[in-house]
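Copied over from TrEMBL:
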| type | residues | note |
| --- | --- | --- |
| DOMAIN | 8-258 | domain 'IspG TIM-barrel' |
| DOMAIN | 282-370 | domain 'IspG C-terminal' |
| BINDING | C286, C289, C323, E330 | [4Fe-4S] cluster binding site |
Amino acid sequence: MELRRNPTRAVRVGSCTIGGGHPIAVQSMTATHTQDIDATVAQVLDLEKAGADVIRIAVDSPKDAAALKEIRRQVKANLSVDLQENYRLAEQVAPYVDKIRYNPGHLYHHERSKPWQEKVAYIAQVAKDHDCALRVGVNCGSVDPAKKVDDYGGDENGPLLASAFEHCEYLDSIGFTRYVVSIKDSDPKNVIEVNKRFALQRPDIPLHLGVTEAGLPPDGIIKTRIAFEQLISQGIGDTIRVSLTVPNNRKHEEIEAGRKILADIAAGRVRSFVDFGLDTLNIISCPSCSRVENEAFIDLAQQVKEMTAYAKDHKITIAVMGCRVNGPGETDDADLGLWCGPNHVNLKKGPVELGHFKYDEILPRLRQELDLVIAEKGGQALASS
């Protein structure tokens, strides 16, 4: 089956072209610490061997940027860099990558008095000078703080869309059109809705699809498949990322899962999901990446899934996040949230912090809080003993 595609503009990323009718590109992200050059190079090569069209590396510091120079010397893959809070790192990394991703919500963390337009103009000029594409990466857990749901009539996706549209309009206005957009959420229903709405107004812009914090396989693959099937089958989506919580030596599974989903959609092997499974227990966890400060996070995510199985019939969301960059914000909307530091796990109930616990102490306290949430929702905690 030949998939219908939106007539998006073509955006070159190294040797790969996204949009413009080109094959849907499959991406992944390294999970090693960027300054561990040997490990990062090995993972880039492994992902490239698995069929990754673009590989993203996180850069959080000048030391990471320095490591990137040597990584680039050793690999030929199409590299994307993930800027976090310091947009000024763009100038240090641009000579060694093919694409720069920035998050509009993170632009406010550095040089707060400076208008975001000035920061974006700087990033775009750096990208232009070094032959790089851009990705405007809007994320539900770190949306522009100036945009509130109440300002959009209670529309939860309003702030995400407004942020994406205004950055597209600004980039277009300064003559930089070599960019793609991603608008991600951990709920596949929201991913479907927000990307459909974006594509309706801006069908010319290539979309990077993904379900953020999809979690452990197979659940994470199923959540992602739900969104991809309903979007790609309607011509929406030019590049994809399957974000899974897996150990470093299994990161290639993200590529394999993405390729299989695309092949199944093209062959008509799709599932019709009316119930997204979100009226039951929903555990979300972020993909393992270089921002994770303790790899015990991956084991913890699996332990949380196993321990909470007794609550599977309750409509409760538990978020398990691996770092201090995204963890605090992206656990706010969960009933219970855990975000992991080097030595402790921070526990939250909604936006309220409950304290931090050692890795070997967190599960009993989580069970206690889960039972309380079940009781508050009118259920019965059957396995709290």
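A Cβ is built for glycine as well, from the same backbone N, Cα and C atoms used for every other residue.
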Lowest local Cβ density (other Cβ within 10 Å) among binding-site residues: C286, C323: C323
Helix, strand or coil at C286 ([4Fe-4S] cluster binding site) [DSSP, three-state]: coil
PLDDT averaged over every residue in the domain 'IspG C-terminal' (282-370): 85
